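Asker: Sharing a structure with you now.
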Amino acid sequence: MERPVPSRLVPLPLLLLSSLSLLAARANADISMEACCTDGNQMANQHRDCSLPYTSESKECRMVQEQCCHNQLEELHCATGINLASEPEGCASLHSYNSSLETIFIKRCCHCCMLGKASLARDQTCEPIVMISYQCGLVFRACCVKARENSDFVQGNGADLQDPAKIPDEEDQEDPYLNDRCRGGGPCKQQCRDTGDEVICSCFVGYQLQSDGVSCEDINECITGSHNCRLGESCINTVGSFRCQRDSSCGTGYELTEDNNCKDIDECETGIHNCPPDFICQNTLGSFRCRPKLQCKSGFIQDALGNCIDINECLSISAPCPVGQTCINTEGSYTCQKNVPNCGRGYHLNEEGTRCVDVDECSPPAEPCGKGHHCLNSPGSFRCECKAGFYFDGISRTCVDINECQRYPGRLCGHKCENTPGSFHCSCSAGFRLSVDGRSCEDVNECLNSPCSQECANVYGSYQCYCRRGYQLSDVDGVTCEDIDECALPTGGHICSYRCINIPGSFQCSCPSSGYRLAPNGRNCQDIDECVTGIHNCSINETCFNIQGSFRCLSFECPENYRRSADTFRQEKTDTVRCIKSCRPNDEACVRDPVHTVSHTVISLPTFREFTRPEEIIFLRAVTPLYPANQADIIFDITEGNLRDSFDIIKRYEDGMTVGVVRQVRPIVGPFYAVLKLEMNYVLGGVVSHRNVVNVHIFVSEYWF
């Protein structure tokens, strides 16, 4: 059998196999909803929690499990509320429940049951008032009737109470709650659930069911180890629960809080201190202090013991005495005494007359050392020295300037040294500036002044301009950046697949106005498949075939005595139509005709910009299992449409198959359209046994992409 393979075709058997696999998977996923509901009921009965993860792989089954679990959980909570209504404490014991949702359902049914019993106690009818809900009305009526029967269900029906978990069925009644063997609490001490087959008793949190299946006993969490007391705390069991108590006391001055922590006792606020009336209570951590209320005279202050002690004003007050006087502390006060200093040579009294200060002999306008010297003051005296940058000449007896630049060459300044009277001055070369130390030179960052039109790079003693991508530095000034015309470069013709447009610093590629769009890389043009996107205008009797940059609406009809093959049904928009010979009965001419199949296929080719070797464009594969290799031969031929011998066909053998390869051997400049007629002749003994005809519709685009 042979078939042209022009493009990516999915084999039909694979498609059928995938469909059968999907149908098989769907059949296996059919799960009983009743089994899903049973799983939800079991989760409610066993765990009393519907938030646990559901294990079914079916989404619908998980939804049924969740709904049945919540419905069963509400019935269990309602039965618990009815049972509580029969307890001595009634609905008041609901504070022991932890779940707020559970408490809501239990409380609702407990109250509705209490209303039914109260209605009977007031000699009223057991029909509920219309304002309450339907479910509350059922509980109201059941508890009212139960109270009227005076517990006949538990004691008067002769049922065996040795196994309270299973109770015989009662007569069906119209009211579902009258038919419920758990109404009024049933045989259970705490929680009751009627499954239809049996009555199951259960207990509240903190209790466990006894061996009789009816009674509940407290769980000692302290013995079972199910408590959560911390290290340093002791577990104390309570009815239905437990509490944690510290092992050691908090100590004097502290009390134990409800959360088992130690808190300081404010003895002053609680009034449990023992301070005398003349003292004030001051609270401290773990204790308190008593401070006296005694008032001391002026000049005295209370100490920690409440005694009055003298205040040393000379130490506690800033400058208690006027300038020139000394402070002397006394009992309860202080006195000021005038100072009389005696200054020696080189000292004199300050302006306030309080102390002796040094006489500055070097202070202008006095020049005791003469010109060129430096006067140095000292306590009580002075001395003469040469100024910095000068040295004393013993011959001339004068101070002479030191040329530091000559004496210390290359060691004083980083770049240039210039001598000055008594000192020196450092300077720097171009591109540098003097550092804060006045000697070193540091590089000047010329880029801070933006000398370049785009980017600036500072270098040691200078700077360098450079440009961003798409620009180049001007050869004229070395500062300005000029745009690079990428489209005009020698390689510009290969930058874009269609058209290059230069823009400042870059370029843009464009595609033909129709049939193409720009690829994500911004350079290549991609063909738009109008047949896939649905933007073609083919009629219902035509088939859309995508070609490079456009599309064609074609209609292929099979010749007389031929029918379209089922495997060419164009559901997947394939590019091949195959017609198989189908002769009418007794049509000998049709039977003798060697042509067995007539096929039409469509391919689209670009205009090759560079054509250096033949391009293989289509493959015809044939299998000849009925003919031995030494007797049968397959001859491929191009019979029509080969304009200027632009195409040829060669034969090769691959994987036990004979392959006819159609090649383009000459360049064709589009737009161009031709129909290439190919023949596959099966030759046996020099005679063509049968022939297959393939019509290849070739569309050559005007573009190379």
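The backbone N, Cα and C atoms fix where each Cβ goes, and this holds for glycine too.
Pulled these features from Swiss-Prot for this protein:
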DISULFID  Cys78-Cys109  disulfide bond
DISULFID  Cys112-Cys136  disulfide bond
DISULFID  Cys113-Cys143  disulfide bond
DISULFID  Cys126-Cys144  disulfide bond
DISULFID  Cys222-Cys235  disulfide bond
DISULFID  Cys229-Cys244  disulfide bond
DISULFID  Cys250-Cys262  disulfide bond
DISULFID  Cys275-Cys290  disulfide bond
DISULFID  Cys321-Cys336  disulfide bond
DISULFID  Cys496-Cys509  disulfide bond
DISULFID  Cys511-Cys525  disulfide bond
DISULFID  Cys538-Cys553  disulfide bond
DOMAIN    36-76  domain 'Anaphylatoxin-like 1'
DOMAIN    77-111  domain 'Anaphylatoxin-like 2'
DOMAIN    112-144  domain 'Anaphylatoxin-like 3'
DOMAIN    178-217  domain 'EGF-like 1'
DOMAIN    218-263  domain 'EGF-like 2'
DOMAIN    264-309  domain 'EGF-like 3'
DOMAIN    310-357  domain 'EGF-like 4'
DOMAIN    358-400  domain 'EGF-like 5'
DOMAIN    401-442  domain 'EGF-like 6'
DOMAIN    443-482  domain 'EGF-like 7'
DOMAIN    483-526  domain 'EGF-like 8'
DOMAIN    527-580  domain 'EGF-like 9'
CARBOHYD  Asn98  N-linked glycosylation site
CARBOHYD  Asn537  N-linked glycosylation site
CARBOHYD  Asn541  N-linked glycosylation site
REGION    156-175  region 'Disordered'
REGION    358-442  region 'Self-association and FN1-binding'
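I would like each feature placed in context: is it buried or exposed, what are its neighbours, and how far apart are things?
Answerer: The secondary structure of Cys109 (disulfide bond), as reduced to three states from DSSP, is helical.
Taking a C-beta cut-off of under 8 angstroms and a sequence separation of 6 or more, Cys112 (disulfide bond) has the following same-chain neighbours: Gly81, Ile132, Gln135, Cys136, Gly137, Val139, Phe140, Cys143.
Annotation note: Cys143 (disulfide bond) sits in a helical segment as assigned by DSSP.
Cβ-based neighbour count (10 Å, all protein chains) for Cys126 (disulfide bond) stands at 17.
Sequence-distant contacts of Cys222 (disulfide bond), defined by Cβ-Cβ distance under 8 angstroms and a gap of at least six in the same chain, are Cys235, Ile236, Asn237, Phe242.
Mapped onto three states, the DSSP output places Cys244 (disulfide bond) in strand.
Within its own chain, Cys250 (disulfide bond) has Leu256, Cys262, Lys263 as residues 6 or more apart in sequence whose C-beta sits under 8 angstroms from its own.
The DSSP secondary structure for Cys275 (disulfide bond) is coil. Over all protein chains present, the Cβ of Cys275 (disulfide bond) has 17 other Cβ atoms lying within 10 Å.
Taking the Cβ of Cys336 (disulfide bond) as reference, residues of its chain lying under 8 Å away and at least six apart in sequence are, in sequence order, Pro320, Cys321, Pro322, Gln325, Thr326, Cys327, Ile328. Mapped onto three states, the DSSP output places Cys336 (disulfide bond) in strand.
In the three-state DSSP classification, Cys496 (disulfide bond) falls within coil. Every protein chain shown contributes to the tally, and the Cβ of Cys496 (disulfide bond) ends up with 22 other Cβ atoms within 10 Å.
Secondary structure from DSSP puts Cys511 (disulfide bond) in coil.
If you draw a 10 Å sphere around the CB of Cys538 (disulfide bond), it holds 16 other CB atoms from the protein chains shown.
Mean per-residue pLDDT, taken over the domain 'Anaphylatoxin-like 1' (36-76), amounts to 81.
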Asker: For the domain 'EGF-like 6' (401-442), find every same-chain residue at least 6 residues outside the stretch whose CB is under 8 Å from a CB in it, and list them.
Answerer: 387-391, 460-462
Asker: Counting Cβ atoms within 10 Å across all protein chains shown, which of the disulfide-bonded residues Cys143, Cys229, Cys509 comes out on top?
Answerer: Cys143
Asker: For Cys113 (disulfide bond), just count the other CB atoms lying within 10 A of its CB, please.
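Answerer: The answer is 31.
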Asker: Between the recorded positions Cys78, Cys244, Asn537, Cys538, which lies closest to Cys509 (disulfide bond), Cα to Cα?
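Answerer: For Cys509 (disulfide bond), the closest Cα among Cys78, Cys244, Asn537, Cys538 is found at Asn537.
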Asker: Taking only same-chain residues 6+ apart in sequence, whose CB is under 8 Å from that of Cys511 (disulfide bond), what do you get?
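Answerer: In sequence order, the residues whose Cβ lies under 8 Å from that of Cys511 (disulfide bond) (at least 6 apart) are Ser497, Tyr498, Arg499, Arg517, Leu518, Cys525.
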Asker: Which residues does Cys144 (disulfide bond) neighbour through Cβ under 8 Å, counting only same-chain ones at least six apart?
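Answerer: Within the chain, Cys144 (disulfide bond) has Cβ neighbours under 8 Å at Gly116, Lys117, Ser119, Leu120, Cys126.
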Asker: If you run through the domain 'EGF-like 5' (358-400) with DSSP, how many residues end up as helix, strand and coil?
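Answerer: Helix, strand and coil residues of the domain 'EGF-like 5' (358-400) number 0 helix, 20 strand, 23 coil.
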Asker: Any idea what the Cα distance is from Asn541 (N-linked glycosylation site) over to Cys553 (disulfide bond), rounded to a whole Å?
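Answerer: About 9 Å separates the two Cα atoms.
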Asker: Pop the Cα-Cα gap between Cys496 (disulfide bond) and Cys538 (disulfide bond) into the table, whole Å please.
Answerer: 32
